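Dumping the structure here so I can ask a few things about it.
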Amino acid sequence: MSTTKKIAVTALAAVLGASTLAACAGGSGDGSTGADGSGSRTVTLVSHDSFNASPDVLEEFTEETGYTVKVLKSGDAVEALNKEILTKGSPQGDVFFGVDNTTLSRALGNDLFIPYEAAGLERVPEAVRLDPGKHRVTPVDSGDICVNYDRTYFDDRGLAPPQTLDDLAEPAYRDLLVVENPERSSPGLGFLLGTAAAYGDDGWQDYWKKLRANGVKVVDSWEIAYNQEFSGSAGGRAAKGDRPLVVSYASSPPVEVLYAEPRPKTAPTGVSTGTCFRQVEAAGLLAGAGNEAGGKALLDFLISKRFQEDVPLTMFVNPVAEDAELPPLFTEFGEVIAEPRTMAPEKIAENRDQWIQSWSSLVLR
Amino acid sequence: MVLARPEVAEAPAGDAGPRGRNPWRGKASPRGAAVRAALLALPVAFFTLFFAYPVLSIVGRGLRVGDSWHLGRIAEVAGRSDILGVLWFTLWQALASTLLTLLIALPGAYVLARLDFPGKQLLRAVVTVPFVLPTVVAGTAFLALLGRGGLLDALWGVRLDTTVWAILLAHVFFNYAVVVRTVGGLWAQLDPRQEEAARVLGAGRLTAWRRVTLPALAPAVAAAALMVFLFTFTSFGVVQILGGPAYSTLEVEIYRQTAQVLDLSTAAVLTLVQFAAVGAILAVHARTVRRRETALRLVDPSHTAHRPRGAAQRALLGSVLATVGLLIAAPLAVLVQRSFDGPGGYGLVYYRALQSAEASGGTFLVPPLQAVWNSLQYALAATAIALLVGSLAAAALALPRTASGKASAAGRVVRGFDALLMLPLGVSAVTVGFGFLITLDEPPLDLRTSWILVPLAQALVGVPFVVRTMLPVLRAVDARLREAAAVLGASPLRAWREVDLPLVRRALLVAAGFAFAVSLGEFGATVFIARPDNPTLPVAVARLLGRPGELNYGQAMALSTILMLVCAAALLLLDRLRPDRSAGEF
Amino acid sequence: MLVLEGATVRFGRRAALDAVDLEVADHELVCVLGPSGSGKSTLLRAVAGLQPLDGGRVLLGGADQAGVPVHRRGVGLMFQDHQLFPQRDVGGNVAFGLRMHGVPKGERRLRVEELLELVGLPGAARRAVGELSGGEQQRVALARALAPRPRLLMLDEPLGQLDRTLRERLVVELRAVFRRLGTTVLAVTHDQGEAFALADRVVVMRDGRVAQSGTPRDVWQRPASEFVARFLGFANVVPATVTGGTAATPWGGVPVPAGSPQGACRLLVRPSAVRIGPSCAGLPCVVESLTFRGHHVAVRLRPHGAPPLEAECGVGDAPEPGAEVGAVFAAGDVVVLRPGDGG
């Protein structure tokens, strides 16, 4: 065995030995304090992978209430909710955050949540209260799914970007739009629901026929649509994406600005404000929660001004509390969506599967 | 599980005497049986608790209505035309991928086995990188090859990104190493004079290869083909990312029915179908591996390779290098290129951004570079677990078989367990993850929210590697060496330490290295298990790709590059440590 | 049949074959003898076409073989470790070359039977090669090599792996078979006993060159150099100066055959040339050790102030170790070696 090999062997052996120690140390540091145990000072929030909160905001919660927040991320929004349904009665945490218009019925149908009217709910407009009167869920944020456009593309050609759903079916925008498969992607589903809200239960199929005739492209995920096909993103530019129109979020342009260096004067992308579908995202106290009191305190906190004002820059959505102010980035680079379309959770639950099916046969086959 | 692709072909029993039997291995005693049971206790417990119990529970949940089994559901689901369509696609794409992989990788196996050229070690490491790369990353890279403006598009105006070719070629990309390593590993040990003997007897170059080398290689080719078939049959990420809306495999469908639709009964039936298919594949695999132990004359691989001679060999080397360059290196290079291609020209902007949580805007709560450290910790913990469980299992399986009467029964149990340990490779990560949720929810095993669940799940995929690598080496240790040590005054334990351990240590390190690299790239188990907010590398990459913004995209590329480098370094180290002969193929 | 002209093969800077000239006549049995690394195997591989030449020519039946691929040279090669095909049974191995030459099936079967008969393994066609003993494998390898009736049969250490008694028996059988078939044979070995028993002519090689070539008797009786002498197992080689019929050596004067070249040389004194007598006569020595070799005893003597000396005597005449004896030299078994060829 040569010296190099000896060194390599020793190093690997040492690393492996250390690993066990490190792993153990890591464990105790993490604090495997479960959600159980009454009077626990830890409250566990289960959410999807996109959940984010500034550490100092969560610290403030701890200072105010004495509870420490433990966040568990559990896959995408649908997956996370399904896991809670699967473990109903023996939940992984105390509060679940991440139900929206499209998934609420399933959550309520499974009696996932204990009703609780959060303190300060009066600051949240009636329109976004998803479960009015019963308070099984508390609205936390709202987000708009809209068509985004590549500013450079339209500027270069002197073409006005589309503003409405009807525009998208115009010959001027032929072969320019990429959308996500509603069967597999949540912005894709939102966009489909938006068209159903706009053209009615019987009219949306005709609209999609026109979109199809106008060369709409369907991909499976937001990541592919935005980072690969959309000509206005960094990934899309690298991949020579040739679709200047993509279904994304109203917050995407300000986020583009946020993550650009140096910071540009205008956002590289814009929002077609007449194409938006609004989703409200809510949280609820899980039935069987180990720390109900802590959970309730957390729900109160989620609609507090402090948390609400943190939401735009951590999760790129809009606050629901009326007293929460938008950060300058959003007012400066974002656009106001005056009249987004929306749909009641019950109606979505009723029609969703059937709509997706007929959409598939209409657009994919 | 989905993203891990361990090499599983068992190495031929190099020096175990004619027909692979070692008459000196010694006889078993009742004490031997007790020792075996003791050694197996932990692996059996691990496997039962963290695999069999969760998986059976989630399947059971799907097939039970109230208190009674609802087995009619099986026929009902299996008869649905859309399910049959998925099954058909899964089957034919796996077959096509396997054939294509063999076609493209066999020349590579030859070149790496028989030719000497500068950079051979590096090439071997490079072709293995995709194998341990998470599909999120590889998918992006691969689109750069096949998609618009990709290499094929630029060269010949060919775009394959929404066709089934994208899936097939990506499967070649991922599984090239399986063929090269399994087949090449044996090829390098075949005595070239066998072919020469045929030549002298009047066989042309091709005839000699076909009549002499191919039959000797056949079991290894079959073993590699079956592994590729297994990996492509259970393909998930590749199909999701590259397939587009039109294609779905059984594994994708299981994920959808479980995680998205929560139709557990359909998922359960699909899982059973996949179980049956994977079980069949593994059974055939076990059979071929056993056949492979026929009396092949094996030689030291370092003596069989030579510098390329003649135009034909140089052309072959050239075409293999070109294929690897185009199919494997180019997509990887694209990632690297994009990680440096910042807003103001090439630079380290994205790498610098990785170090700070404040990266322009300050919404990243922990520095993404932290993910590297998280990944290392998880991977090390997973490696430690896999090593412990795997070597105990291998040690038990390597014990001499019991005396004739009971032999067949005990032998079958042992072989059965050997095959069972491989099953996690063929079971969807989402099934395991959701199984954990409904089984590990009560003290003392309320592990659902614990960090240890991630390394435990990763170790499930690591164990087959460790067993495959250790078993041949353990079996090849000549009992006479131990006897010699005993005669010289060593106690049994001391003899084990002085004789077995030094022989096995390198295999142990190789197993550790590979389990480590696979854990590092593992994505499935990590995303399907709820975990505290400390993302691993693949998870951080996925999260960065899930947001708009130049810096996010660039950082995703930079992190992927780091992941690639870490994997490649682990693999290079591994190749240096590779035992000369009898260890498993990796 | 076979002619090598200045055949040269280099591995890096080392010449494995260094301008070797060699001829093998029809029906001749030539055995190349040399230590390992002397280039013997490379010689065979070059003739077979398995090893390209860096210089010189190989001619078979008068035709230059440059550019003729291995399988068209019509030579047979029996590998050192036989290289039987493990996937085929005995019959399949023997029939392989016949199949390659398009021999029809019926004829093939007859020939396989005939060959197995010839090598003493009748009816073994269905046996698996893994079950064969070393001697049996050797026979199968021979049958396989002979089957396509090669114009030149080459054997690489044909008996190398077998035990002594088997080797001695087989070498006689082999010679008989080749004689009977009239096969032209080029064999290589490091075992002088094997070479002398098998060959019509022996070629001794050293470092890629031919050191000596001749009949076994020639080579044995008159080694051409100290290297050959030592390789043949002779230890009594010393510097000497020949003057008339006597050579001056560290052991004193040693008589040399008449007509030996005069002047400085190396001198080989065969053990049989050293007679052991009483200590008062000849060179005084102490008996260091005895080695019994069947019919005779090799006696190692230590003269006072001179190199050790090996002698030979009958079993009954052997002195006791430690005894004081005198050594006397006889002219018959003393050879004056070519000077300037150290070893």
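Here the Cβ of each residue, glycine as well, is placed from N, Cα and C on the backbone.
Below, the features straight out of TrEMBL:
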- B:87-283: domain 'ABC transmembrane type-1' (DOMAIN)
- B:372-574: domain 'ABC transmembrane type-1' (DOMAIN)
- B:1-27: region 'Disordered' (REGION)
- B:33-56: transmembrane segment (TRANSMEM)
- B:91-113: transmembrane segment (TRANSMEM)
- B:125-145: transmembrane segment (TRANSMEM)
- B:165-184: transmembrane segment (TRANSMEM)
- B:216-242: transmembrane segment (TRANSMEM)
- B:262-284: transmembrane segment (TRANSMEM)
- B:315-336: transmembrane segment (TRANSMEM)
- B:378-399: transmembrane segment (TRANSMEM)
- B:420-440: transmembrane segment (TRANSMEM)
- B:452-471: transmembrane segment (TRANSMEM)
- B:507-530: transmembrane segment (TRANSMEM)
- B:553-574: transmembrane segment (TRANSMEM)
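Explain the structural surroundings of these features, please.
Same-chain residues lying 6 or more positions outside the transmembrane segment (B:33-56) and placing a CB less than 8 Å from one of its CB atoms are 271, 385, 388-390, 392-393, 395-396, 399, 402, 410, 414, 417, 420-421, 423-424, 427, 431-432, 435-436, 438-440, 445, 456-457, 459-460, 463.
Residues 120, 123-124, 127, 164, 167-169, 171-172, 175-176, 178-180, 183-185, 187-188, 221, 224-225, 228-229, 232-233, 235, 247, 249, 301, 304-305, 316-317, 319-320, 323-324, 327 of the same chain sit 6 or more residues outside the transmembrane segment (B:91-113) yet have a Cβ under 8 Å from a Cβ within it.
Outside the transmembrane segment (B:315-336) by six or more residues, the chain places 104, 107-108, 110-111, 115, 117, 123, 126-127, 129-130, 137-138, 140-142, 144-145, 151, 169, 172-173, 176, 308, 557, 560-561, 564 with a CB less than 8 A from a CB of the stretch.
Packing against the transmembrane segment (B:420-440) from elsewhere in the chain are residues 1-4, 6, 8, 43, 47, 50-51, 53-59, 61, 230-231, 233-234, 236, 251, 254-255, 258-259, 267, 271, 274-275, 277-279, 281-282, 285, 393, 446-448, 453, 457, 460-461, 463-464, 467, 524-525, 528-530: each is 6 or more residues past its ends and has a CB under 8 Å from a CB in it.
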Please report, as numbers and ranges, the same-chain residues at least 6 past the borders of the transmembrane segment (B:378-399) whose CB is under 8 Å from any CB of it.
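Sequence-remote neighbours of the transmembrane segment (B:378-399) are 28, 32, 35-36, 39-40, 42-43, 46-47, 414, 417-418, 421, 452, 454-456, 458-459, 462-467, 470-471, 474-475, 508, 511-512, 515-516, 519-520, 522, 526, 536.
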